[in-house]
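Reviewing the structure listed below.
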Amino acid sequence: MAEELVLERCDLELEANGRDHHTADLCRERLVVRRGQPFWLTLHFEGRNYEASVDSLTFCAVTGPDPSEEAGTKALFRLSDAMEEGAWAAVAADQRDSTLSLHLSTPANAPVGHYRLSLEASTGYQGSSFMLGQFTLLFNSWCPADAVYLDSDEERQEYVLTQQGFIYQGSAKFIKNIPWNFGQFEEGILDICLMLLDVNPKFLRNAGRDCSRRSSPVYVGRVVSGMVNCNDDQGVLLGRWDNNYADGISPMSWIGSVDILRRWKRDGCQRVKYGQCWVFAAVACTVLRCLGIPTRVVTNYNSAHDQNSNLLIEYFRNEFGEIQSDKSEMIWNFHCWVESWMTRPDLQPGYEGWQALDPTPQEKSEGTYCCGPVPVRAIKEGDLSTKYDAPFVFAEVNADVVDWIRQDDGSLHKSINHSLVVGLKISTKCVGRDDREDITHSYKYPEGSPEEREAFTRANHLNKLVNKEETGVAMRIRVGEGMNRGCDFDVFAHITNSTPEEHIGRLLLCARTVSYNGILGPECGTKDLLSLSLEPYSEKSIPLRILYEKYCDCLTESNLIKVRGLLIEPAANSYLLAERDIYLENPEIKIRILGEPKQNRKLVAEISLQNPLTVALSGCTFTVEGAGLIEEQKTVDVPDPVEAGEEVKVRVDLLPLYVGRHKLVVNFESNRLKAVKGFRNVIPIQSPWETAKRELRRLGSEKGGGWPCSHGILDICKAG
């Protein structure tokens, strides 16, 4: 009888598997692979070699606290001669003496998560068990059989592998890109994402069922949508919108997801203060990309929050055009969510592709503060019966807005307001470029088209099909030049009379600071023209001066001012309303890279900003982060004061770990100038030392291990 087969060690082949599975950033000290794709394993035996005719090898892979074969969380499979498609399998790839190289494959629908891998080696009636190690299994957008498969390599690079990007803010007429460090492959982030899954309420109620259902990106996306906010659970972020953030961090101050997720873990899964929509969306994007689901952040301008699903937002105003009561139904200046790419086997064909998920806690879905995933195609077609939460997302991009003016006698009069259209300039970052892509067409058909009429009819959105009232008099708000924070500037009510009659009315102009979610602050400019004459076929432009001294103390970190014009014609009992949200530009943060960026070589970034205000700044800090450039977030304090017009500079040490494009992201804070953002692309190249190390590894592999040295390689090392 052959002696017992004894395993000396198991090599998980981290470098080769990391390269093949696009997980090199995660495979520095652990094995991380993607499902539906074989990975390497090398077994080293002692005493004697493996003999296929004598020895039987059976592998066991388990995930979750209560694994079972029925639930798909436990797999038993023997070493065989050929791979079996769609199943756990192991085949011998090569054998050299006591070393056996294997290919292990996983099903493309296996649950994602943390696995334990063991081996049962049997020789006749003898048998021994060995723990081979642990690995993490992710979704695989490179595998055609996976539900998250993307057939474009450029899109896989952008939506799975890229660790930085932009989130779009500002207003529909002044779109502002905000840099963000997603950092999904930064140290510890994968473990935090898996922890997030393991503290979700569904796992706590039934861990086995939850782990089994992690095979579905629809299920995982819905769990992540609920866990990024903390309204029902031990979720990551607490939302706050009242501009009182003293006991936490202002949502506008964050520049990346990594610091947020690390704080959540460090504090024992306690909520991080504070988040708003783009922060919720960005953290969800980090988690979903980390788990392997292609994801992007999307911004919708003039986004409706419709609570009662009637697709109508009604504003009740007094005779001066001021909104009379607080409303939970609002038009947000912009709103962010994420889209994730996946198939929808639970829905009718044609609804695969981009799915909208909204982690901002607004309304409950099946008892939980989450939203989606819902096919973007279903929103475009007006199919509101589609899972999940189609009516709410449809309203965000399509709701109608009605303004009522309450007159002195209490009666209500409908005003005409053509300046506010819901669902504009829906934006995301372009693939492979630092540009904005407008994806409004994926949510909405062209206005007035037959397809739009069909979609609205299907959604029973009949009030959108009614022709808009026209009076022959139109008004819109125009802006001038130099709308920078710290400056005085002019805005204009531009009024057109396209009728043959003279119109006489009263014009009320008002400017108020406003938060991005529509909450109004104090007035910062007003004008009341009691008698404004509009000659036939004429145009007039009425200026309103807005002074820094009026808005400086009440401007929120959104940098937004809402300008409202109300033209009242008593003779015709007509109310014409026009509004515009104005974004004030922050000063530019300049970033200069000193030296040539090279992999694993120290580098210095010089960061500067000029104070644009007429007063001194105090409490100034620069906060810097960037995946692959800096290990953790750094904050540099600036000595007080920074006088008016003064330029302040700081330097930060960087250490690029990888070649290729990376973004250094910067935030500046002070007592009077907050949430100023900047970024710089840094593209490290491979240094001679790194080239030498790769050559040494190659030669060592060819010669059976070790680190051979030649004079040529030593010269390269010295030069590096």
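Easy rule for this one: first residue shown is 1, then count along the chain.
Glycine residues also receive a Cβ, built from the backbone N, Cα and C atoms like all the rest.
Pulled from TrEMBL:
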ACT_SITE  CYS277  active site
ACT_SITE  HIS335  active site
ACT_SITE  ASP358  active site
BINDING   ASN398, ASP400, GLU447, GLU452  Ca(2+) binding site
DOMAIN    269-361  domain 'Transglutaminase-like'
Around HIS335 (active site), how many other CB atoms lie within 10 A of its CB?
25
What whole-number Å value do you get for the CA-CA distance of GLU452 (Ca(2+) binding site) and HIS335 (active site)?
23
State the Cα to Cα distance, in Å, between ASP358 (active site) and CYS277 (active site), rounded to an integer.
9
Out of the recorded positions listed (CYS277, ASN398, ASP400, GLU447), which are within 10 Å of HIS335 (active site), Cα to Cα?
CYS277
What is the interatomic distance between the Cα atoms of GLU447 (Ca(2+) binding site) and CYS277 (active site), given in whole Å?
27
Which residues does CYS277 (active site) neighbour through Cβ under 8 Å, counting only same-chain ones at least six apart?
TRP332, PHE334, HIS335, CYS336, TRP337, THR360, ASN517
Using a 10 Å cut-off on Cβ-Cβ distances across all protein chains shown, tell me which of the recorded positions (ASP358, ASP400, GLU447) has the largest neighbour count.
ASP358
Tally of DSSP helical, extended and coil residues in the domain 'Transglutaminase-like' (269-361):
15 helix, 40 strand, 38 coil
